2 protein chains.
Amino acid sequence: MQFRPVKEQLEILMRGVTDIVPQDELEKKLQKSYETGKPLRIKMGVDPTAPDVHFGHTVVMRKLRQFQDLGHTVVLIVGDYTAQIGDPSGRNKARPRLTHEQVLENAKEYQEQFFKVVRRDQVEIHYNGEWFSKLPFSKVTELMGQFTVAQMLEREDFHNRYTANTPISLHEFMYPMMQGYDSVAIQSDVELGGTDQKFNVLRGRDLQIFEGMEPQIGLFMPILLGTDGKVKMSKSIGNYVGLNEPADVMYHKIYSLSDNIVENWYELLTNIPLDEVKQMMADIAAGKMNPNDAKHRLAIDIVTQYYGAEAAEAAAAKEREIHSGNAIPSDALECSVDAGSYGALDLLVNIKAFASKGEARRMVQNGGVKIGGEKLADPQAQIEIKGGDQLVVQVGKRKFFKVNF
Amino acid sequence: MQFRPVKEQLEILMRGVTDIVPQDELEKKLQKSYETGKPLRIKMGVDPTAPDVHFGHTVVMRKLRQFQDLGHTVVLIVGDYTAQIGDPSGRNKARPRLTHEQVLENAKEYQEQFFKVVRRDQVEIHYNGEWFSKLPFSKVTELMGQFTVAQMLEREDFHNRYTANTPISLHEFMYPMMQGYDSVAIQSDVELGGTDQKFNVLRGRDLQIFEGMEPQIGLFMPILLGTDGKVKMSKSIGNYVGLNEPADVMYHKIYSLSDNIVENWYELLTNIPLDEVKQMMADIAAGKMNPNDAKHRLAIDIVTQYYGAEAAEAAAAKEREIHSGNAIPSDALECSVDAGSYGALDLLVNIKAFASKGEARRMVQNGGVKIGGEKLADPQAQIEIKGGDQLVVQVGKRKFFKVNF
């Protein structure tokens, strides 16, 4: 096949990249691929330990998509075997072990989300059980012999656990070997990963060299900060945007993004030319542009990627309606309560809007609670409800409850 | 089957034992075996990394034989898979890896020597490739998950290598798991080993418990000191007696034993009652017995075990003849030299009795060299030899060369 010139490819591929190891080999590989008409094999491994995909994961997926769009082949490795160990990278304790069934179930859900970013053509999908289930024990010992204990314990995560006397199970030391052997098995040219994957990706190079292959290149993407602009995006911290979230919720979360990372999100999550992005940032700094307009454009661009332009505009419109009190967002929590007469505070605790009546009272007194669109002024108010009714309860700016009776 | 009472068995089995872990369980196991008529399964693992067996190895083999004589079953595990890694116990660097063919060849030679001590009935022999060649990768990771890095690095040998920056390959960390899993595979009741095997044997207990089995007991024998009475018997140090050595050489080496370990050798290498041994030692201390008589009895007892009583007596007789200059020992080195005329010193260097003429001259001047039974007085002597002749050259007390022309 005919590829675009290497220089053009590099311009696209280098966007947002943190590090390439080794630097000079990517160009050589692209040149060879250009000359021979043979696509590069771009590896990405995933351990579907949890099936929820958020924007943090799409940074690498989008890079895969760029390779695809340039004619290269994406090789997704679903680590059904590695997931049973759990990548110890960056962890301070051993992961819980998953059963093979859990992993396969997660993998299915994962792929549905993966293909929201990556095209379904030019993809190979492999489960690493394909080779590990058949790997003879003697090969395992041979591969393990390519690693040293010191090499493992020099890793910051293992080092910290070892010095803190937090147990490291020996099977965790097998993880880098397994990830590395994946590269041997699929003969990857490039492996993509977050910067926390550097150790594992370089071990893949080692094993490919050991097996007499041309070694892969590691291409590392930054870790995306969450909506708070402070720490790595993470579901457990709550600063995430999930790929499965409704368009209006997605729009809202991006529109509420912390100012300091708007530029970074543009770079990592859109294809808008970086010159334009720089200009916007300069305009904002000069007071010539409202930061919200930059966030609106970012949100429209990203929501469009997942739901199309029309849905993105609708999401923006709904955000404005919610602000005016004329709509409730899709992520309102639904709950059910028996029909009857309730003290307002009892009701709020009952639907788990607050942990205690004291907490609820303070928020009501601060004017932060609306029931049925009306501000609740009196904490002692009695609320009567008939079966079949629905009541919308709003706490603060954007926490909504749809209470069914 | 009907066993001897537990107390009698223990009396025999405790001879020379350094440690039993845990102490109380051996008696319980023997009691159960006595009641049910079911023999215990006594495991010994061997990695035939080198096929030469010496007395140091027989300390454990003799204990196996005692178990056999009491009706129990010996399970010899030939570590064809473990040998390819090499036991890191007590080592300060990784062992060279052997091929499977080398290991099988060594194993054959090893067994020939093993059966000089252990009976051929009541033995099961297993190669651990039986189970390791079929062990699925997922089971390997599960088993490795039962060990921690800290547990490994607390071992003195690994600890020393780690702190000295001597590389430890990860496959060496698999060794204790493998030895432990051997115990699971053959359902051992007791594992025998030298004291340096304590860590590995206890890991076997762990894995048996993990697999829901009644765990084995570790029975540890001391490390035998070599003929010099100073350090562990070892072929490379030269203080060893090999099982394949001729009767007269075996006799000679035992008869020349360092005084300080005669009692220990009686305990570990013979069945002579310990009371009798103690009495001999007391007699020697009191000047009532010549230490050589104790060594003679020891040598006769041991040589008899391998060659029979008649050969043992013949070996003793030959030792006396050699001392009187009337015989040459079986381990005389044979070599060939062209017929002709030689300067004495040239000849001595030529047959590799000495590294240089200077060394040879000093020994001749000290009266330490005999040629053809005559002391060589003149370093300048010229020696004429016809084809077909044989000349015996003696250096010092017991180094003999049979030189063929």
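For all residues, glycine too, the Cβ spot is worked out from N, Cα and C.
Distant neighbours of the motif ''KMSKS' region' (B:232-236): 50, 52, 54-56, 223-226, 242; these residues of the same chain sit at least 6 beyond its ends, with a Cβ under 8 Å from one of its Cβ atoms. The feature motif ''KMSKS' region' is assigned by TrEMBL to B:232-236.
The annotation ATP binding site is assigned in TrEMBL to B:K235. If you draw a 10 Å sphere around the CB of B:K235 (ATP binding site), it holds 14 other CB atoms from the protein chains shown.
Mean pLDDT of the predicted structure over the domain 'RNA-binding S4' (B:343-404): 85. If you look up TrEMBL, you'll see B:343-404 marked as domain 'RNA-binding S4'.
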Using DSSP and three states only, what is B:K235 (ATP binding site)? coil
